[in-house]
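Student: Okay, so TrEMBL annotates it like this:
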BINDING   Ser74, Glu95, Ala96, Gly103, Val168, Asp204, His234, Met288, Arg298, Met299, Gly300  substrate binding site
MOD_RES   Cys202  2,3-didehydroalanine (Cys)
Amino acid sequence: MSATATTTETAQLQVNSTPVSHALSDVVKTEDWSDFKFAPIRESTVSRAMTSRYFKDLDKFAVSDVVIVGAGSSGLSAAYVIAKNRPDLKIAIIEANVAPGGGAWLGGQLFSAMIMRKPTHLFLQELDIPYEDEGDYVVVKHAALFTSTVLSKVLQFPNVKLFNATAVEDLVTRPAGNGAVNVAGVVTNWTLVSMAHDLQSCMDPNVIELSGYKDDGSRDPSKKHGVILSTTGHDGPFGAFSAKRIVSIDNNKKLGGMKGLDMNNAEAGVVKHSGSYTGVGSMYFAGMEVAELEGCNRMGPTFGAMAVSGIKAAEEILKHFAA
Ligand code: AHZ
């Protein structure tokens, strides 16, 4: 409003508007924002505030207890359960995309609502996410409500670090005797670098190692060893990453390949086969990647098995660390 506004105009404005309540009320005393100022800051301060924390995190999580590959609905559900139950475990989530959440920002096609079959509603209750009860299934009004809620809860756990825009390019493996192999870490790179390897001659990756190993690479029997949970979704530019990689590490395994869509069989199949992968030590799978690994059906736009398979894998991982 200009300084020349008439008394009548001002009065009408006050009568018609309700007082705006916001967190800045103590700072901005009137509707006049013209003197508003932030405390001064140097550009280098901003730069250092970001980079020092990121490099501290890279240092802290260079050895991690749990590495979750992929931050879609299954990976985030697993991360929530593990982090909530074991605040002492270091959990690194590696997500190739800038935006975590995988396919769970929409319910299916471009539609908003997310369908989850019971008993997944119990997990929604745990997360405080409202839903409509339709009998055998429930509906969250927007898939983004599920994803943003579980994401915000996961990110608030002090023992979780999300490295987004970072792709897992390979698995670290170590011999486990008698021809067996353990996974012992993940090989990472900035996703944009991963996508451009053919443009530059040498863009070597970085590594996150699992905990519980000695300097010579053998497992320290006095310690619990770390694990990898892969939840990279079904096949795509990045998807089904570990499933595809594991078949060349485990000579006894052939890639199952995701079968056609069959909601009833798909959800049960994915949950049944999620969890520990017996062919390679320390490796776990959940979500649609399980369908690629084990040849389950595709499920389409129903998300119960994503949360439940993540929870099942998380429980197995918790048992491993508890034993
Ligand atoms: O970016 C990927 C996505 O966010 C990420 N990812 C894939 N490969 C990666 C790599 N390194 C790091 N090499 C990687 N991150 O993994 C995430 C997978 O999320 P998603 O939503 O695709 O998988 P999900 O199994 O959690 O959920 C699948 C949801 C689907 S797909 C589907 C159908 O097509 O029928 N139905 C359902 C319910």
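Glycine residues also receive a Cβ, built from the backbone N, Cα and C atoms like all the rest.
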Student: Is it possible to get the count of other C-beta atoms within 10 angstroms of the C-beta of Ser74 (substrate binding site)?
Tutor: 36
Student: If I take the alpha carbons of Arg298 (substrate binding site) and Cys202 (2,3-didehydroalanine (Cys)), what is the distance between them in whole Å?
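Tutor: If we compare the Cα positions of Arg298 (substrate binding site) and Cys202 (2,3-didehydroalanine (Cys)), the gap is 38 Å.
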Student: Between the Cα atoms of Ser74 (substrate binding site) and Cys202 (2,3-didehydroalanine (Cys)), what distance do you get, rounded to the nearest Å?
Tutor: 34
Student: May I ask which residues of the same chain, at least 6 positions away in sequence, place their Cβ under 8 angstroms from the Cβ of Val168 (substrate binding site)?
Tutor: Val69, Ile94, Ala96, Val186, Val187, Thr188, Thr232, Phe241, Ser242
Student: Quick one: pull the CA-CA distance for His234 (substrate binding site) versus Cys202 (2,3-didehydroalanine (Cys)), whole Å only.
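Tutor: Here the two Cα atoms are 29 Å apart.
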Student: Just counting, how many other CB atoms are there within 10 A of the CB of Gly300 (substrate binding site)?
Tutor: 13
Student: For His234 (substrate binding site), what is the tally of other C-beta atoms lying within 10 angstroms of its C-beta?
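Tutor: Result for His234 (substrate binding site): 19 neighbouring Cβ atoms inside 10 Å.
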Student: Could you measure between Gly300 (substrate binding site) and Cys202 (2,3-didehydroalanine (Cys)) for me? Cα positions, answer in whole angstrom.
Tutor: 39
